[in-house]
């Protein structure tokens, strides 16, 4: 073996002990790349990014500590992402390691980055269609702040994973342009390319499609390689054959499928594609015998070629069709007929369109004539194109293709399944290049967007949905003209499969203090690739596994002693993780002994203490090691702490400390040293002499003296020799006879033998480091006469007397701090030493505090003590151990003060200090604690003090570890809090956990643990350790045993059912309690009434109790590990007519009657057709066709004998016996006079209805009339209400409604709905506390409004709960609750309550007895009918009717009716003989008759007025009204002017109706129209709408090449609209280049021979409506022109010259022929002359023919060269 020189001399080449790790950081954070390298001599280290050296400056900083090397990147940006390489080199050798840094965009930052902008695409990449071998360039322009980073991907994968680096190029150009170039495109390059732009402010994306030309078949000159030995494959006739081939290679290989040496062209029955696992698939659908043969898969790339072959054999069925189906080709909208013959007539057959069963319908006509089976496809459309099958039951199939020739040549697939996050691509081909295509999804038209790509290449039209989501699923439609094709897009969720367990785990301990761990990925890694590998360690003797590192790549990792916390034997285990979970752990065999290398993390610090204090030295290490302490070189023993020992040692984890108690001055300068395993640290002890302190003093005493008294201030010091200075009011005092300074050892005194008022002031004893303050007050002698209480009554005399010690002492009097002035009301008197203040007649304003001030002394008269100021308003919230000071300043310094806490007087102690200085009082808590929280009171001031504990924080936890476990493993969640006594709660999924045998909670000081000794899958969830102010979240996943599906064994099953059948999809699992998920067409299903999910033991079922056609689809039952698919097909039974089973032969009806023909179908969604006398009927005119559920009706509103009589037929499409109705004869009789009944108000009983309304709410009154065309008037207090902003009147069918918006007090009153012959009276009053008054028989409504719409209420009367009944109705509408009492009786009086639980509203109802009924006159037209109604108070009352001739009895013209308390008399023919006789009709019940019928003297009144009309120009308008009688003249007026007959207006008279017809109205006809009779008038407004202009189809942006024509089109309605064109804001004047054309609604502008300068905005202005589009002209960016033989011809043996001219003289070009780069030589000569570039081709020959291209960096031009033979 060879030995290097380095080994001979002991030198070693560099070696990585720990590699830099790939990781991801947020933008703006710091990134640290670390590695550990060993080598001898020490290697030099260099860092590179993307192969460029990194200079250690700015945000890049390189560090080295021993053999640890790191690169710190501060405040990373997206540009910092990439591959980083660390290179190590010494004299022996070199090595390197790489890691990838991924930068994710952070959250948008508002602070610090006000100028940040998310990326925006100004120009998106364009979709392209290219030929084989051509270069492709995608370019886009992106703006953003900071500059965004762009990433390109193809079909969801990175380009570097698909292409070699030489195949593509990504770059950036000036002005924020970016590009992607692909050189020499190949068919595998086709797909969807997505460009992502990211910065810290956000992300944007844009997509484009590359469509390369398809593969070319082998030509005669190409030699096909020989096929390998073929495998045999057999399939039954009519079944599918699927071949798949797995090929790898780079560049990606091109795949060509051949059958018997000929290329297989994809079509209806041949599908070629690549699946998600990388297999290349060829599917032959519905195999025929002619599909037998040798199929070869040819894979080739630039590196070589390989083949794979299979021999297909199609097995024929034993029972075969005698005549097979034949392929059919029809034109669109023609009928297609398929016909075959079965061997026996009795064999049943079924028809299929691919996998969809067909049923007889108007679309599909199925016929059986003997042994012939025929299918007719009526009105064939694009989606009818496909493969049709006729199948004999349990026997053979016959297959045929139906081709529908129309505008759409290649239709959409019927279904397309994609996974969530993938791209969905749809392609349609048309017969010719067309415009006006549209793409729709679920009926909504799709527009171009970042995630929606729409592109057309001539006849090929593409739709690509980028990164689909479940919301994108639905029906995709493509339409052009009348042709349409549909596809169902199904988006399936990705199966969430965790990775498999790694294998081949091995550990090596050859190197000292290191363990090399190696492993291999699982064999099925491609099924669910891991995102990372997690390595955990376990210290010997413990049960806890701790995560130590994560790596993205499989292979090997070295664990160093420096990575463990303490010296011990360690075991290791590994698992693979991805976003769906983690694999089981694999343990590495054996154990490794590792020792950490300790470093000083926090060094010792010098200690400076006072003599007698304790000195503490501490440091913190990087690892758990033991050490020794030395004091002045002598080791400090580590025995347990004993009383009297001066040195104490302790340590906690990595922290070590030494305490020296009661240090001495002699120890000043002592050295303290710590030594541990090769490291040491030193610090010094500095001892200082303690400062002088005041030991005691009489400072706290009250130093208030009278003149001539002795004052003695005492102060005792801590040292007898300490110097002392005394100060008075800040000035040092001097000793004298009046001021004596005394000193006795440590005791000092200041003595004033005979104090005077001038000695008043603040005295201070200063001893340097401490001071004592004394506040001295010396007062003169001021003697009040008496200490009386000065309380007086107004006008009394007040006399304040003060006697002084000296009669000449000046005196000032004050009131409330202000010196008083003598007046008549205030007299000041002085007699020697006696002073008086007299108020001869005191008044209340004289109340206050009076002071007699004699200089050094004062007297206060009846002074109340007040709090002058305090810090009460401050926020007294403190943390524990903070100082609390409560300050209160009183109005008098000598006022007594008591402090209280929570009502109890406080006592002074060390924890609570009370201080007093003059009028200021303090309550001090030197170190507040939570028990000190409370309410403190000083006099009348209250302080609310809150003391809180410091928030508990989580110091450390194992939250970051991967908490993924297998069943029965031990789970331990650790959390260390900042306080050992802090309470901690543990939660699982938001619910507090309860300790049990399966879940243990442990506590050791500040360390808390939640332990699951044997975890199970139900323990999976989110655990939270809540410490009050802080929380830690643990996401725990416990994987159970593998859940397998035992039955059914097949993974794909097909199930055929009929509508309304019960469907049960079942599977049996290997684990009884394993959860499953059910999906339908990729979407997860939830249990409903129509879909049941059941679980019993190991059995899981999905049940459809009554299947419908919408239930058809693919159902998937998915466990954690496996899934099974059920393809459910639901077909509908034929439609039947259930009722009537047989139609009556003849139906008699009268002319003018309404005739209804009805039937009931067996299916709600089925359609029927009605026929009359053999002709199909359609709705409209005099016919109404109705559908309601399964019922179908034909309604003839007004039957006529000539038009409607005949034979009717209802056909359901089910051509079976009993299916359609038989013929039905309708016979019509001549009409007979039917008088129109009078208008009545439904439900009106004549009683007054009462309503209460709350001010501000809407008042809604409604009634129902007997006829929809009945006219009513609304009146309030006798005045008619007209619609306005405040009043809304609505007429809808028979409903008449009046709404008062925001009702106020003024809106209360009596409302009447007057229908002419009937009316309803409603009394509305504002809701108030007043009693609700009602009369017997009235309807009363009580209403309350709640604060919540859904709140429940109870109604009570006299505290008894009310129940809804016939007379009592409870209503609820929004927040309003109502109680309606019908036919009120006196017994209903009482106290009513609406109880809402938290609140209630009370009502008092008073119902008066029966009122006398006044006679009411009823007007009736002669010959008409009259209805007289009355309401009695009791239902059982006996009533009788009386007329002018006595009692009225029922007869031919008289009908008596009774409904409850309502009694009615109906008189036919108006009872004219009664009214003419002058008599009346009375209801005999009570003292007075209720009604009287009188002969009318009718005025000419309008019973129905005119209505406002809105009309368009050119329409015909009808204004009509109705009089109360047929005879009556009217006059028509417009705007007050009488209309003259003739012209465009025509007045008509029809019975009682009067109408005015205006033809071809215009704006001049708008105005007020009036119809007047001699007694009445009615008005209406005719308003004309402006001209309606609509842009139906907008302009679209156009991009054309230079020299091409650009045509802009828009569709505008109406045809005569005045449309103007503008270019860049300038009106277009038609010319030779600008052509304006109009064809009906279509308007076009054509710009011929476009130039780059024509790029602008094109605007179409249609009478104010504007549509705009952008014209872009792609001109020659780098070419000004081309001259020479660019498109010329040459003769053999001559030369050809191609010449171009550039815009820049220094630009470089390259020449290519047929995509091949040309090099200068004897054949080709390249010349440059300024801006000219010339290519000369020498000695032309036919082989020189072809396309030549000249390219610059930004542009290209090409020409075709033809060579003619001489």
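Cβ atoms are placed via backbone N, Cα and C, with glycine included.
Automated prediction, rather than curation, is the source of TrEMBL annotations.
Feature annotations, courtesy of TrEMBL:
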DOMAIN    14-102  domain 'Ig-like'
DOMAIN    119-206  domain 'Ig-like'
DOMAIN    228-308  domain 'Ig-like'
DOMAIN    319-403  domain 'Ig-like'
DOMAIN    690-777  domain 'Ig-like'
DOMAIN    784-854  domain 'Ig-like'
DOMAIN    950-1037  domain 'Ig-like'
DOMAIN    1041-1131  domain 'Ig-like'
DOMAIN    1133-1210  domain 'Ig-like'
DOMAIN    1237-1323  domain 'Ig-like'
DOMAIN    1336-1404  domain 'Ig-like'
DOMAIN    1586-1762  domain 'Ig-like'
#### Entry: Summary of DSSP states over the domain 'Ig-like' (784-854), given as helix, strand and coil counts
3 helix, 29 strand, 39 coil
### Message
Under 8 Å for C-beta pairs, could you tell me which stretch among 119-206, 690-777, 1041-1131, 1237-1323 has the largest tally with the domain 'Ig-like' (14-102)?
### Response
119-206
### Any contact, the domain 'Ig-like' (1041-1131) to the domain 'Ig-like' (119-206), with at least 3 Cβ pairs under 8 A
no
### Task
Please work out whether the domain 'Ig-like' (1336-1404) lies in contact with the domain 'Ig-like' (1237-1323), by counting C-beta pairs under 8 angstroms that are 6 or more apart in sequence and asking whether there are at least 3.
yes
### Query
Can you count helix, strand and coil residues in the domain 'Ig-like' (319-403) using DSSP?
3 helix, 44 strand, 38 coil
### Helix, strand and coil totals (DSSP H, G, I; E, B; other) for the domain 'Ig-like' (1041-1131)
3 helix, 51 strand, 37 coil
### Message
Please compute the mean pLDDT of the model over the domain 'Ig-like' (1041-1131).
### Response
86
### Message
Is it possible to list how many residues within the domain 'Ig-like' (1336-1404) are helical, extended or coil according to DSSP?
### Response
3 helix, 36 strand, 30 coil
